[in-house]
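Notes to accompany the following structure.
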Amino acid sequence: MNNNQIRPQLSPQDAAAMLAQLQQQNPQAYARLQAMRPELMETGNEHLLNNALAASASGHGHGHGHTHSSSCSHSQAQMHFSQPVPEPPPKPDPTQMSIVQAVQYNEIERVKQLIESGQVDVNTPDQEGCYLLHWAAINNHIELIRYLIAKGATVDLIGGDLKSTPLHWACRQGCTEAFFLLVDNGAAIKSADVNGVQPIHIAAQYGQIKILAYLLGSGVDVDCVDERGLTPLMYSCIGPSSGYVPIPNSSHVCCTQFLLTFGADVNHQEPTRHYSALHFSINNQNPISFHSLLKHPQINIHVKNGDNFDPLIFARMRQNSDAVAQLERRIQSTKAHIKPVFLQRYLVNAGIRKWLTRFFMLFIMTLIGLSVNSYEHSYWLRILFPIVVIFLCSHLFSYYVLEAKSVDHFAFAYVISSSVLMYITYWIYLQEPKFTISDIIYHFSTVYGLYCVRCIKTLNPGFIKQQNMTLEGNSLTKEKICIAFARDPRWTLDHFCVTCLIRRPLRSKHCPVDGSCVAKFDHHCTWLNACIGGRNYFYFVRVLTFGTIALIIWMCKALHLIFDDFEQYSIKYLLTQIYDPWFIYMLMLTAFNAVWVTLMTSFHLINAVFLGVTLNERLTGFRYSYFRDENTGKRTNPFQRQKFKNFLETFGLFRLMSMCRYTRIDWSQVYDINQISGAKMN
Ligand SMILES: [Zn+2]
Ligand SMILES: [Zn+2]
């Protein structure tokens with residue numbers, strides 16, 4: 001096993017000697033080292049050291065380049081522990097190659113010659129106890145594997161010092177084609193090597209997501225353990241060793257989230273050192289695994305290992321500053337601060353917290369305006385009073401109400417509060433007794449805009465549920481989807497969500513905030529605290545458009561008023577004597593809002609109407625494959641050609657669309673750009 005062993009610069013013998021010396025001379029330092037560098041101790045332990053040596057010498061380490069075949073019979077320990085890797089020897093002449101060399105170099109003619117002349121038997125091991133099928137599998141030589149199997153090679157041959165099968169070797173190097181070829185020829189997917197390590201453990205550790213998907217879809221237990229009691233989840237947190245080189249083009253991503261989605265036990269602890277997956281991810285500096293684990297609802301961040309270290313202490317000892325910061329924030333935000341018990345009943349409720357956040361924002365914004373406006377008090381009091389009150393209130397607020405989630409409500413609370421205050425100010429300062437057209441447009445825009453905000457918040461933006469997945473008319477279970485994903489080389493991670501376990505429709509994306517895939521995903525709006533997708537985008541554009549109209553009318557009216565008075569009084573006199581400070585405060589607020597809302601509206605309209613793309617597609621630089629012309633490979637935009645249809649769709653004028661014979665596309669059912677026929681697209 002060479003999973004989580006570090007690579008000391010010392011030779012392993014020297015390291016062992018040094019550690020033994022340290023243990024004698026300074027037992028305290030030794031104990032500290034033991035806590036901080038458990039793997040080093042393992043390599044210091046003679047028995048485990050020998051194991052590690054055996055592991056590094058075994059087949060697992062070999063063969064990703066065909067080229068180092070000739071250094072195979074060699075001083076393996078140096079190969080793995082000393083840094084500069086020797087230059088690969090030149091490729092030998094094919095006609096002189098041994099059978100093992102011929103397999104490693106994919107010289108199929110030479111292999112055929114040797115086997116068919118009867119000089120070599122396909123099931124004879126080489127000096128290291130490895131078989132031809134092992135070498136063919138680890139190098140992903142598909143033709144050779146087919147040939148060897150046809151010539152009677154046994155698929156589940158056990159070879160190398162780890163006593164592993166060709167399937168193990170293919171897994172580790174990310175040879176997906178070789179893996180499926182072996183499986184199709186009856187290779188046992190649950191075979192265990194000398195350490196009880198199964199293909200699922202290797203796939204999880206080396207990030208072979210397609211192989212992992214196949215194994216989980218075929219019913220391999222997601223929590224199966226090896227002889228050390230490690231689960232696939234722990235292997236994914238350990239991650240590949242630093243020198244790992246997968247074969248080119250193999251997909252190689254962190255599998256932790258995928259295993260968690262499949263129901264892996266997130267708090268399982270291995271029996272010897274009592275490490276949890278969280279400990280492993282901290283120990284091996286694996287931030288992707290660490291974040292996936294931390295997001296899991298059932299994660300216990302106080303679980304202690306055998307040395308009585310919880311993840312926070314452990315992260316401090318391992319000097320994993322990112323993990324320390326994350327864990328401290330998490331512990332801070334989950335503390336139950338609420339002291340008067342009768343308050344707990346109300347403040348634990350998420351809905352009440354949400355509304356408190358909204359009112360808090362409205363209260364603060366109103367307080368600033370009102371206190372500035374109170375003439376009868378001195379200048380200093382008017383400034384100091386709101387500062388003191390806001391300071392006290394925000395402390396009380398963060399003490400009782402605020403948690404990580406409440407922060408999400410602040411931007412939305414600002415949007416709503418400023419709209420309400422603007423509207424009230426309009427009635428007081430700008431509305432003349434006689435209604436003009438612009439007054440009517442203003443009132444309508446504000447009221448209708450707020451109604452659309454409500455619609456965005458309550459409507460489903462297009463969340464895709466696993467239950468309604470179909471492939472060629474058949475509904476799919478998550479197991480079937482995983483196998484389909486694994487088997488089809490055209491399905492990349494762009495087409496498969498490892499969190500929702502669904503086949504992703506075209507233009508959809510996984511929203512991390514809502515934890516679900518959204519059809520025709522646009523963006524997750526922080527200002528409205530809502531997901532914007534294909535189903536509610538037109539409400540979003542209406543909010544922006546009517547918001548811009550309302551803001552511009554407000555500003556025009558206010559500026560008009562000022563310019564009229566400007567002819568009679570000086571500007572200083574106007575600002576200090578004529579206008580209420582409240583009005584000036586609202587004027588500044590509205591001017592600020594008008595600028596950013598107008599910019600945002602123009603940006604969204606250009607994207608949606610002129611380019612016909614979502615914000616997500618725009619921001620990711622059109623990187624999705626459907627923006628590439630299949631024949632020429634150049635960038636094209638298939639949505640740009642139909643501006644009028646885009647306009648109607650953007651504003652949700654669906655009846656007009658059908659009158660113009662445009663079809664409204666249900667993006668949750670489109671998986672391929674060719675599904676939308678050319679006639680409709682033009
Ligand atoms: Zn998803
Ligand atoms: Zn979202």
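A Cβ is built for glycine as well, from the same backbone N, Cα and C atoms used for every other residue.
Whatever TrEMBL says is automated annotation, not expert-curated.
These numbers come from a predicted model, not from an experiment.
Over in TrEMBL, the protein carries these features:
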REGION    56-96  region 'Disordered'
COMPBIAS  68-77  compositional bias 'Low complexity'
REPEAT    128-160  repeat 'ANK'
REPEAT    162-194  repeat 'ANK'
REPEAT    195-227  repeat 'ANK'
TRANSMEM  355-373  transmembrane segment
TRANSMEM  379-402  transmembrane segment
TRANSMEM  409-428  transmembrane segment
DOMAIN    494-619  domain 'Palmitoyltransferase DHHC'
TRANSMEM  539-562  transmembrane segment
TRANSMEM  582-615  transmembrane segment
DSSP on the repeat 'ANK' (162-194): how many residues come out helix, how many strand, how many coil?
17 helix, 1 strand, 15 coil
Below 8 angstroms Cβ to Cβ, which residues of this chain, lying six or more residues outside the transmembrane segment (539-562), approach it?
419, 422, 426, 429-430, 438, 441-442, 444-446, 448-449, 452-453, 455-456, 459, 522, 525, 528, 532, 574, 583, 587, 590-591, 593-594, 597-598, 600-601, 604-605, 608, 650-652
Counting CB pairs under 8 Å, which listed stretch among 355-373, 379-402, 582-615 touches the transmembrane segment (409-428) the most?
355-373
DSSP puts the residues of the repeat 'ANK' (128-160) at 16 helix, 1 strand, 16 coil
Helix-strand-coil residue split for the domain 'Palmitoyltransferase DHHC' (494-619), DSSP-based:
74 helix, 16 strand, 36 coil
Could you give the mean pLDDT over the repeat 'ANK' (128-160), rounded to a whole number?
88
Checking distant contacts: for the repeat 'ANK' (195-227), what same-chain residues at least six beyond its ends satisfy Cβ-Cβ under 8 A?
1, 3, 162, 164, 167-168, 171-174, 176, 179-180, 183, 189, 233, 235-236, 238-240, 244, 246, 250-255, 258-259, 262-265, 268, 270, 478-483, 485-487, 493, 496, 498
For a three-state summary based on DSSP, what are the helix, strand and coil counts in the repeat 'ANK' (195-227)?
16 helix, 0 strand, 17 coil
